[in-house]
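Notes to accompany the following structure.
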């Protein structure tokens, strides 16, 4: 049996197993089918919109069929990108050669896309979230719910904030998060993978069939090729999803220097420890087991450090000596390497809180990216990592201290 056949057989077995054992996949109906909209149309935004639109089309008892996707309007050979998507049913710039469902409608008008939505899925580079949310204030249903697929933090005078919390604060709607070992091209090609959705049921929950809950979110995102686990640890998966991009830059540096797999593994080991420490230090409500049990944790870290935009950018930085910003422009076709922004935000917060010495890898990535510290200094910058402090952090959690 070929490897592809074995993988397909494994996926079928897992799908059948979930049908038998997962109560969240039981039949769910809504009093009024939910309208779903997606904000963002990059490769990951378009991929998630594809997943969602496939499910809304198959489940009329739960969702309205049409899914609107907000597209930042740009011209492709003189034709608006939204028009191309709606005519060819492909996002020729950010997700070429992938057919999109005909019930997925591209819309360059942000308010028209979101004003009637019951579920809003945010999937844009996180540095643009503020201006997008500002436009949406007072223009959406007050009863809407949201899921953020963004990776990063909002850093301000009051400290570091989860992007899902930022959406809730600014729009007054409950917002969860989606994160996992999900390279967009592989999901778009329907290669089997898994992800984690985290959502906290709000105090104003209206009841089964009247509001969004874990079962509804499972039905919205789960596909035979895209397995979903729904939990309530929004903080945990958000932290892991943001910080893995910083670790991936470190892996890209050592890859570009030609140091091999051993060096990349060392970066990932140190990085995982710092991710857990960051969560316990600044978001004590996060759960340690999320980092090693969920796709959004160590699985996503491994995948991101094996490929993806952040590794590509950092590798090219090491090979050419160019800045991250320049490499991003050169090779990413208008997309972003989120680690470049996140490492700066994390540095700003750690510096203001006096904790830079507690996170030597995060600080090293920042210093290399923005302060011209030679990449060859990376091993010496992280070799004094206090492993005992990370171990104590995990141990104290397990003991309930």
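Backbone N, Cα and C define each Cβ position, glycine as well.
Features as listed in Swiss-Prot:
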{"type": "ACT_SITE", "residues": "244", "note": "active site, proton acceptor"}
{"type": "BINDING", "residues": "40, 41, 42, 43, 44, 45, 128, 151, 184, 309, 338", "note": "NAD(+) binding site"}
{"type": "BINDING", "residues": "151, 309, 310", "note": "substrate binding site"}
Given the binding-site residues 44, 128, which one's Cβ is surrounded by the fewest other Cβ atoms within 10 Å?
128
Taking the mean position of the Cβ atoms of 151, 309, 310 as the substrate site, which residues outside that list, in the same chain, have a Cβ no more than 8 Å away, listed in sequence order?
245, 248, 304, 308, 336, 337, 338, 339
Taking only C-alpha atoms and a 10 A limit, tell me which of 44, 128, 338 are near residue 309 (substrate binding site). These are the binding-site residues.
338
Cα separation, residue 151 (substrate binding site) to residue 338 (NAD(+) binding site) (Å, whole number):
7
Please find, for 40, 41, 42, 43, 44, 45, 128, 151, 184, 309, 338 as listed binding NAD(+), the greatest distance between any two Cα atoms, in Å.
20
Cα distance, residue 310 (substrate binding site) to residue 184 (NAD(+) binding site), nearest Å?
14
Closest of 151, 244, 310 to residue 40 (NAD(+) binding site), Cα positions, recorded positions only:
151
Cβ neighbour count (10 Å, all chains) around residue 309 (substrate binding site) is 24
Of the recorded positions 42, 44, 128, 244, which sits closest to residue 151 (substrate binding site) by Cα distance?
244
Inter-residue Cα distance where the pair is residue 310 (substrate binding site) and residue 42 (NAD(+) binding site), in Å:
16
Give the distance between the Cα atoms of residue 310 (substrate binding site) and residue 244 (active site, proton acceptor), rounded to the nearest whole Å.
10
For a quick check of packing: other C-beta atoms within 10 Å of the C-beta of residue 40 (NAD(+) binding site), how many?
24
Cβ neighbour count within 10 Å, max among the recorded positions 151, 244, goes to 244
How big is the gap, in Å, between the Cα of residue 44 (NAD(+) binding site) and that of the residue listed as 'active site, proton acceptor', rounded to a whole number?
16
In the structure shown, which of the binding-site residues 310, 338 has the fewest other Cβ atoms within 10 Å?
338
